[in-house]
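S.K.: Here it is, the structure in full.
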Amino acid sequence: MTKKLHIKTWGCQMNEYDSSKMADLLDATHGYQLTDVAEEADVLLLNTCSIREKAQEKVFHQLGRWKLLKEKNPDLIIGVGGCVASQEGEHIRQRAHYVDIIFGPQTLHRLPEMINSVRGDRSPVVDISFPEIEKFDRLPEPRAEGPTAFVSIMEGCNKYCTYCVVPYTRGEEVSRPSDDILFEIAQLAAQGVREVNLLGQNVNAWRGENYDGSTGSFADLLRLVAAIDGIDRIRFTTSHPIEFTDDIIEVYRDTPELVSFLHLPVQSGSDRILNLMGRTHTALEYKAIIRKLRAARPDIQISSDFIVGFPGETTEDFEKTMKLIADVNFDMSYSFIFSARPGTPAADMVDDVPEEEKKQRLYILQERINQQAMAWSRRMLGTTQRILVEGTSRKSIMELSGRTENNRVVNFEGTPDMIGKFVDVEITDVYPNSLRGKVVRTEDEMGLRVAETPESVIARTRKENDLGVGYYQP
């Protein structure tokens with residue numbers, strides 16, 4: 001009888017990536033098949049996020065539901081991973097003694113051994129250590145699930161912003177070697193992936209070892225990824241302004257595979273609040289980066305993160321944020337009301353902005369961003385946009401759907417053979433959350449570069465070390 005695995009994931013794209021790796025790993029080692037139905041599962045894993053307010057209580061609320069399933073099936077294994085697990089550790093078992101496994105983001109590769117241990121002597125396992133980059137060496141080869149894929153290139157963050165738990169839950173910055181990253185992407189390209197999204201908590205801080213022992217920069221890595229045949233689009237998430245250097249901006253000037261869309265969090269437009277946040281840059285320095293980016297890539301669109309109601313934020317501070325939003329003309333944002341994360345310096349600050357004032361500021365900010373986003377969308381009306389077709393439209397099974405370079409969802413009539421390929425679409429209608437268009441050119445008519453198949457890249461560049469472990473050498 002097939003054993004089943006259910007994973008519930010909260011939080012960022014890195015968590016989504018980690019969950020997909022957990023599924024691949026446990027399929028390879030134990031034959032577990034994913035199920036969306038928790039009641040069917042032999043193993044339940046909760047991959048948690050500590051960014052949002054009351055994250056811990058949300059975890060225990062979910063575990064309370066799963067406790068009922070364990071009472072019916074004592075052999076059921078329950079595991080808690082992610083940032084809340086890293087933060088809370090053994091405390092989770094003190095409140096929820098029926099949890100069998102607690103693991104951090106850096107120890108998910110040890111899940112097979114943890115499950116074996118629990119199956120053997122029923123002893124609970126807690127492992128929230130930071131074994132640096134070890135997990136990537138233990139994960140199975142990647143499996144593509146459509147024409148787009150996420151690839152983690154680094155872990156952790158050294159910035160220690162006063163409101164953020166990431167350095168405490170995922171550790172400090174550790175970069176994967178460039179050959180590991182390039183080999184993974186080449187494998188994905190061989191399976192039909194056309195767009196890759198490079199992931200890291202502070203992705204542009206990547207400083208990985210090259211095959212010759214030298215240290216590569218993020219700009220170097222972007223150009224190497226762009227050179228992999230089959231990869232026609234590159235995105236990356238999430239960046240920090242302090243390390244958005246001129247060499248990265250130059251890649252936007254000469255590398256068309258890098259999309260004309262960037263998510264670059266700023267958090268506030270007030271230098272005083274940025275200083276309290278520990279951001280180590282000013283609003284003017286942020287705008288200087290955007291100005292240089294638009295000189296290199298005039299059509300680039302920018303999204304950002306904002307925190308409103310940070311301790312000490314005055315009306316004047318908030319007005320400076322709104323001015324920055326207008327000056328940069330952000331296309332979209334992820335914006336939140338400040339809520340203290342336990343263990344961070346900001347948790348010790350006086351939270352002196354009234355809750356109603358926070359809500360009002362958030363509403364004003366989001367309304368302005370929505371207006372700007374709609375204006376950007378209207379400018380696309382009548383233009384021809386290149387779409388990577390991802391599959392059937394959510395709006396109608398008779399239509400297809402894909403994304404533009406600037407991350408707009410476009411629905412259109414097409415044929416099944418277009419899925420996984422590029423099409424050029426003329427935009428005919430604009431809606432708040434999507435666009436509509438008609439196909440004017442298929443991929444066969446585009447003359448896209450196909451100089452070498454991804455399979456031949458792998459065959460030509462695959463090397464093995466003394467242990468028989470494959471690696472990539474340009």
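Glycine residues also receive a Cβ, built from the backbone N, Cα and C atoms like all the rest.
In case it helps, Swiss-Prot gives these features for our protein:
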DOMAIN    3-120  domain 'MTTase N-terminal'
BINDING   Cys12, Cys49, Cys83  [4Fe-4S] cluster 1 binding site
DOMAIN    143-375  domain 'Radical SAM core'
BINDING   Cys157, Cys161, Cys164  [4Fe-4S] cluster 2 binding site
DOMAIN    378-441  domain 'TRAM'
S.K.: Excluding Cys157, Cys161, Cys164 themselves, which residues in that chain have a Cβ inside 8 Å of the centre of the Cβ atoms defining the [4Fe-4S] cluster 2 site?
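M.R.: For the [4Fe-4S] cluster 2 site the neighbour list reads Lys159, Tyr160, Tyr163, Val165, Val166, Pro167, Gln201, Asn202, Gly278.
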S.K.: Residues other than Cys12, Cys49, Cys83 within 8 Å, Cβ to Cβ centroid, of the [4Fe-4S] cluster 1 site?
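M.R.: The answer, listed by sequence position, is Trp10, Gly11, Met14, Asn15, Thr48, Ser50, Ile51, Gly82, Thr169.
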S.K.: Measuring Cα to Cα, tell me the gap between Cys49 ([4Fe-4S] cluster 1 binding site) and Cys157 ([4Fe-4S] cluster 2 binding site) in whole angstrom.
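M.R.: So the alpha carbons of Cys49 ([4Fe-4S] cluster 1 binding site) and Cys157 ([4Fe-4S] cluster 2 binding site) sit roughly 16 Å from each other.
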S.K.: Which numbers of helix, strand and coil residues does DSSP report for the domain 'MTTase N-terminal' (3-120)?
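M.R.: Secondary-structure composition of the domain 'MTTase N-terminal' (3-120): 65 helix, 22 strand, 31 coil.
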S.K.: Which number gives the other C-beta atoms within 10 angstroms of the C-beta of Cys12 ([4Fe-4S] cluster 1 binding site), all protein chains shown included?
M.R.: 19
S.K.: Average the per-residue pLDDT over the domain 'Radical SAM core' (143-375) and send me the rounded value.
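M.R.: 95, rounded to a whole number.
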S.K.: How many Å separate the Cα atoms of Cys157 ([4Fe-4S] cluster 2 binding site) and Cys12 ([4Fe-4S] cluster 1 binding site)?
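M.R.: Cα to Cα, Cys157 ([4Fe-4S] cluster 2 binding site) and Cys12 ([4Fe-4S] cluster 1 binding site) are separated by 15 Å.
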S.K.: Tell me the Cα distance separating Cys83 ([4Fe-4S] cluster 1 binding site) from Cys164 ([4Fe-4S] cluster 2 binding site), rounded to the nearest angstrom.
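M.R.: So the Cα of Cys83 ([4Fe-4S] cluster 1 binding site) lies 11 Å away from that of Cys164 ([4Fe-4S] cluster 2 binding site).
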S.K.: Using a 10 Å cut-off, grab the number of neighbouring Cβ atoms around the Cβ of Cys161 ([4Fe-4S] cluster 2 binding site), all chains included.
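M.R.: Taking every protein chain into account, the count is 21.
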S.K.: Looking at Cβ-Cβ distances, which residues of the chain lie under 8 angstroms from Cys83 ([4Fe-4S] cluster 1 binding site) while being 6 or more apart from it?
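M.R.: Correct list: Gly11, Thr48, Cys49, Ser50, Ile51, Ala55, Pro105, Val165, Val166, Thr169, Arg170.
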S.K.: Taking the Cβ of each of the binding-site residues and counting other Cβ atoms inside 10 Å, which one has the highest number: Cys49, Cys157?
M.R.: Cys157
